[in-house]
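Here it is: the structure, laid out below.
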Amino acid sequence: MRISEFSLDLAHPLETAKGPIESRDGFLVAVEHQGERGVGEATPLPGWTESLEDCRAALDAVDDPAEALDDGALDDTPAARHAVSLALADAAARARDEPLVTTLATNSHTSLPVNATIGDGDRETTVGDAKTAVLDGFDCLKIKVGARGVADDVERLRAVREAVGPEVSIRADANGAWDRWTADEFLSGVADFDLEYLEQPLPAEELAGHAVLRRLHDTPIALDESLAHISPQRVLASNAADVLVCKPMALGGPDRVLSVAEMAAQSAVGVVVTTTIDAVVARLGALHVAAALSSTRAHGLATASLLESDLATDPAPVRNGSMAVPEISGLGIDPSDLF
Ligand SMILES: O=C(O)CCC(=O)c1ccccc1C(=O)O
Ligand SMILES: [Mg+2]
């Protein structure tokens with residue numbers, strides 16, 4: 001298996017309740033499988049995945065990629081598992097001369113709505129970012145909260161709702177910054193703003209707390225970090241979420257997202273696929289797997305523009321708040337453009 005390291009700066013840091021994300025470092029991998037080359041990407045993000053060092057060590061230890069997936073050797077290093085799983089899936093799709101998505105599902109989307117990702121900022125900045133996104137064609141905005149006081153966050157969201165009108169969907173993501181009382185105060189403050197959902201108000205482990213918030217408030221609750229720490233079975237059994245935020249990088253690969261989505265569907269829980277601000281290979285992987293799901297919600301895949309540069313030309317740029325799924329074989333990128 002070929003492994004090559006990369007480091008990409010963000011164009012501007014993404015400000016979150018857990019601090020800024022300033023750069024994304026990771027590994028591209030290439031495998032030979034079913035007579036074809038396939039590419040994958042591991043872009044670890046502590047909080048969701050193993051560290052960069054543990055990821056490298058796990059990838060270096062892979063002898064036979066298909067065997068490493070089967071025998072569970074990568075189960076504790078989701079970003080490394082993601083790279084290997086995606087590369088094998090890319091090669092298998094190429095061997096069938098089909099786009100990756102059609103090897104994952106019999107019925108799939110050809111294009112998907114995506115949300116604009118808006119970091120923490122003061123009220124004017126947040127409103128400006130929201131208006132720009134809507135002018136660019138997005139009809140779903142995801143706004144980071146939890147980095148400042150609740151009253152300020154409530155005013156930011158009030159101002160955004162007033163600026164964009166009732167038709168635009170608004171999500172808020174607190175990245176686990178709050179305790180139950182702070183989350184309760186926020187949810188009371190935004191009760192009239194028709195939020196699509198509040199993502200991860202409480203720390204990852206607090207399933208019971210999220211279940212209480214769901215009972216007390218009408219705003220739906222989505223869980224993201226929780227899925228990186230707790231099995232989807234337990235998350236679903238706790239009645240803690242209306243929506244599961246599935247990051248292929250954090251769950252360990254496209255195959256893992258499909259199985260989580262199947263469990264979520266059984267519980268009538270929604271699914272949204274998002275990146276960890278990945279490079280082009282993993283973003284494409286997330287796009288194909290999102291297109292394989294029946295979900296019609298906007299996904300959190302519009303993160304290319306957050307990066308200052310990328311590893312290759314993006315075959316799936318965001319246009320008018322949507323991304324079209326490449327129709328050529330595999331991920332939609334030529335491995336020789338990457339290695
Ligand atoms: O969902 C999106 O809009 C983009 C992805 C995103 O917000 C994100 C990106 C990197 C790390 C964490 C997160 C997050 O959802 O919390
Ligand atoms: Mg999140």
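Using the three backbone atoms N, Cα and C, a Cβ is placed for every residue, glycine included.
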For the Mg(2+) site that TrEMBL assigns to D173, D224, which of E124, E196, E199, E262 is also named?
E199
Across the whole of the domain 'Mandelate racemase/muconate lactonizing enzyme C-terminal' (123-220), what does the mean pLDDT come to? Round it, please.
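Mean pLDDT across the domain 'Mandelate racemase/muconate lactonizing enzyme C-terminal' (123-220) comes out at 98.
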Taking the Cα atoms as reference points, how far is E199 (Mg(2+) binding site) from K144 (active site, proton donor) in Å?
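Answer for this pair: 9 Å between alpha carbons.
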Hey, of D173, D224, K247, which of those recorded positions are within 10 Å of K144 (active site, proton donor), Cα to Cα?
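Cα filter at 10 Å returns D173.
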Per DSSP, what is the helix/strand/coil residue tally across the domain 'Mandelate racemase/muconate lactonizing enzyme C-terminal' (123-220)?
48 helix, 13 strand, 37 coil
